[in-house]
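Engineer: Sharing the record's features from TrEMBL:
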type     : residues : note
COMPBIAS : 54-76    : compositional bias 'Acidic residues'
DOMAIN   : 82-492   : domain 'Major facilitator superfamily (MFS) profile'
REGION   : 1-76     : region 'Disordered'
TRANSMEM : 91-109   : transmembrane segment
TRANSMEM : 121-141  : transmembrane segment
TRANSMEM : 153-171  : transmembrane segment
TRANSMEM : 177-198  : transmembrane segment
TRANSMEM : 210-232  : transmembrane segment
TRANSMEM : 252-276  : transmembrane segment
TRANSMEM : 308-332  : transmembrane segment
TRANSMEM : 344-365  : transmembrane segment
TRANSMEM : 377-399  : transmembrane segment
TRANSMEM : 436-459  : transmembrane segment
TRANSMEM : 465-488  : transmembrane segment
Amino acid sequence: MSPHTPLRNEREPLLAPPTEPTKVRDALITGSQVYRDVGTGSYGAENSSRDAEVNEEDNNEENGNGEDNGEEEDETPLPLGQILGLCYIRLVEPVAFFSVFAFLNQMLWEIGGIGMGEVGFYSGLIESLFSITEMILMVHWGRASDKFGRKPIMITSLLGISFATGIFGFGRSIGQLIIFRCIAGLFAGTIVTIRTMISENSTKKTQARAFSYFSVAGNLGILMGPLIGGAMSEPAKQYPSIFGGVKFFEEFPFALPTICTGLFALSSTLVAAFYIKETLGKKKYQKVGARDGMTMSELLKFPGVARCIYISCHVNLMSTIYTSVLSVFWFTPISLGGLGFSPFRISLFIALAGFSQAFWMIVVFPPLHKRVGTVGILRACAFFWPFLFAFCPFANFLLRMGWETTFWVVYPTTCGQLALNDIAPSSETLGTLNSIALAVTSGTRAFVPALFTIIFAYGVTHQILWGYFIWVFEILVAIGLVIAVQFLPREAYGRTKK
């Protein structure tokens with residue numbers, strides 16, 4: 001291929017060399033089908049729709065602009081009602097996961113009998129346990145849905161998560177919170193079934209549209225979760241004219257948001273039971289390595305693939321670190337190195353970050369990616385990561401010095417710009433091997449929150465570097481990405497030259 005020849009597909013990372021694109025691409029796509037339902041990935045903006053679009057365009061091109069290549073084109077229209085119903089159910093997992101972020105630190109401090117410096121440790125532990133139990137059971141939920149049907153497994157998991165989420169706010173000890181969170185994680189594998197059912201309800205022609213709805217639903221859940229948690233926690237204090245003097249809410253100040261989340265999950269259970277149709281048997285999927293004789297091991301050894309997967313996992317690692325530490329940092333008192341935010345204010349900032357992220361992904365990312373390509377965006381984001389991490393201790397410094405006006409002028413704007421981190425192409429834009437990266441990052445999400453909140457708690461408790469110890473680690477991780485992106489293969493650029 002001439003260096004001046006436009007790439008065949010501006011969104012395809014070209015992990016395979018031009019001499020054998022069909023073989024490698026087909027094997028990659030086949031392999032990704034298995035892993036796509038294993039990993040949930042980071043809770044940033046999802047890119048499943050772009051992955052589907054790439055597969056769809058490749059299929060159209062190989063068939064000669066729509067001509068049959070031995071298979072008849074499936075013209076079945078997208079069952080929009082079923083897709084929207086599944087998207088409503090899709091909201092449950094991110095709402096259940098993120099709703100506690102706004103008030104968990106306050107709750108631990110009030111009921112746990114622990115010092116302020118220890119809050120970060122237990123907060124990270126509880127967040128990690130949800131992901132660990134979810135990851136362990138995810139594959140088993142998928143196998144059960146293959147054996148017993150999609151619908152029964154979905155209903156069972158939704159009932160479990162509605163119960164576990166609903167009772168979380170009634171916890172009176174750290175041990176109870178851990179148990180309730182683990183139960184919620186055990187039943188959170190419903191996302192596997194939802195993704196499978198969306199695939200089974202769509203064709204190659206309609207898959208991109210179906211997964212775009214799926215992506216929007218996931219981001220909407222990220223926005224809803226912290227808003228529910230922050231707006232409804234401690235109602236007797238936040239809304240004394242309405243809930244003041246109500247003994248129940250004074251005794252259980254964090255019960256209202258979890259009850260609402262549980263009822264929301266219960267409503268999705270009813271949708272699944274009475275509206276969603278069974279899809280098992282609609283499609284048959286090939287196993288990994290079934291096409292062209294390429295195994296996943298061979299694909300991982302293919303030139304450039306391992307580096308692309310590493311970059312993707314590094315990006316997701318930093319996102320997970322930042323997300324897990326940020327809520328604790330916002331809650332920690334100013335004197336210890338945090339910002340001293342209330343649960344309601346924390347929920348507003350999480351929602352602001354989610355909204356900004358969605359805006360970047362929908363409005364800014366497509367034209368920017370078309371103009372500068374995958375590696376161009378990655379390098380820009382990698383360059384800004386260390387500065388954004390460094391701004392967090394700087395924000396605390398402003399408040400410690402009493403410069404609150406300057407803080408409120410600068411910090412909200414920066415929080416909005418933090419979404420730039422997540423427009424860096426994740427596993428979906430780094431290659432169709434994205435599913436392997438998603439499986440790895442789901443495991444990363446299981447231990448990273450606990451590890452880095454422990455580091456944060458240790459630094460705050462002992463006032464190492466004035467409580468800024470954690471940010472040294474995060475800046476070093478960010479600098480590692482700056483170095484790593486320099487070694488991406490040219491095949492990963494994914495850019496159309498004009």
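Note: Cβ is positioned from N, Cα and C throughout, glycine not excepted.
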Engineer: Is it the case that the transmembrane segment (308-332) and the transmembrane segment (91-109) touch, counting contact as three or more CB pairs under 8 Å in which the residues of each pair are 6 or more positions apart?
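Structural biologist: Yes; at least 3 Cβ pairs under 8 Å.
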Engineer: Quick check for me: are there 3+ Cβ pairs below 8 Å between the transmembrane segment (91-109) and the transmembrane segment (252-276), leaving out pairs under 6 residues apart?
Structural biologist: yes
Engineer: Report, as numbers and ranges, which residues of the same chain sit near the transmembrane segment (252-276): CB under 8 Å and 6 or more residues beyond its ends.
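Structural biologist: Residues 81-82, 85-86, 88-89, 91-92, 95-96, 99-100, 102-103, 106-107, 110, 151, 154-155, 158-159, 161-163, 165-170, 197, 225, 228-229, 231-237.
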Engineer: Give the nonlocal contacts of the transmembrane segment (177-198) in its own chain as ranges (CB under 8 Å, at least six residues past its ends).
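Structural biologist: Same-chain contacts beyond the flanks: 36-38, 40, 48, 83, 86, 89-90, 92-93, 96-97, 100, 107-108, 125-126, 129-134, 137-142, 145, 150, 153-154, 156-161, 163-165, 167-168, 171, 210-211, 214, 276, 279.
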Engineer: Give the mean pLDDT for the domain 'Major facilitator superfamily (MFS) profile' (82-492) on the 0 to 100 scale.
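Structural biologist: The answer is 77, the mean pLDDT of the model over that range.
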